[in-house]
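For reference, TrEMBL has these:
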DOMAIN    1-232  domain 'PTS EIIC type-1'
TRANSMEM  20-41  transmembrane segment
TRANSMEM  53-73  transmembrane segment
TRANSMEM  93-113  transmembrane segment
TRANSMEM  125-146  transmembrane segment
TRANSMEM  152-174  transmembrane segment
TRANSMEM  206-226  transmembrane segment
Amino acid sequence: EGMVRRFMPDDLDMLLTSLITLLITATLAYLIIMPLGGWLFEGMSWLFMHLNSNPFGCAVLAGLFLIAVVFGVHQGFIPVYLALMDSQGFNSLFPILSMAGAGQVGAALALYWRAQPHSALRSQVRGAIIPGLLGVGEPLIYGVTLPRMKPFVTACLGGAAGGLFIGLIAWWGLPMGLNSAFGPSGLVALPLMTSAQGILPAMAVYAGGILVAWVCGFIFTTLFGCRNVNLD
């Protein structure tokens, strides 16, 4: 807009500057940004379909999911969800990615433990921890861990540990997943898990992954995520 205004006569500025800026922006978005976004989402879908088949790939997916959420590209997983439902009968990627939120919970509990009594941080954690347990991670991300950065990283590591656990169980013969293409995460998703061996084994694997992510997120944050971090 500033560049357009330089060349715009003063008497036409109010009328045409915003319109021309909008037309230029829309053209660039249509010709450049939208194709790049499409290629990016296609590449992400291919990557996630292949990483989903081995334990270390599952750890990478769970560890990077929060970063994808922050940048808003997690909607690119939707074609993968649909493809997995079509090929497997359940969404095996969803519980892996849900471990990212569980890592956030573990990190937040570690911050609460290390914070001073009556501190603002403890109040922030208390307000965000219940939604986090129920699968709504944004209050923990944007209110607690991401502003302090190190806890965000250690939370991602905790989520990666949970993803590794689920990937190992699948590799050993018990793949499981969400019984629909979309659904809630966190503890709310527990009764929605299914597998070829039945619902209860899938629920047990999912619960085990959440527990691993909680514990590892707590430990990693306690050891590495609280140094030189504002705990007030």
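Heads up, the Cβ atoms here are built off N, Cα and C, so glycines get one too.
Residues 62, 95, 98-100, 102-107, 109-111, 113-114, 148, 150-151, 153-155, 157-159, 161-163, 165-166, 169, 176, 186-187, 189-190, 193 of the same chain, all 6+ positions outside the transmembrane segment (206-226), place their C-beta atoms under 8 angstroms from a C-beta of that stretch. Packing against the transmembrane segment (20-41) from elsewhere in the chain are residues 1, 4, 8, 73, 75-76, 79: each is 6 or more residues past its ends and has a CB under 8 Å from a CB in it. The average per-residue pLDDT of the prediction over the domain 'PTS EIIC type-1' (1-232) is 88, rounded to a whole number.
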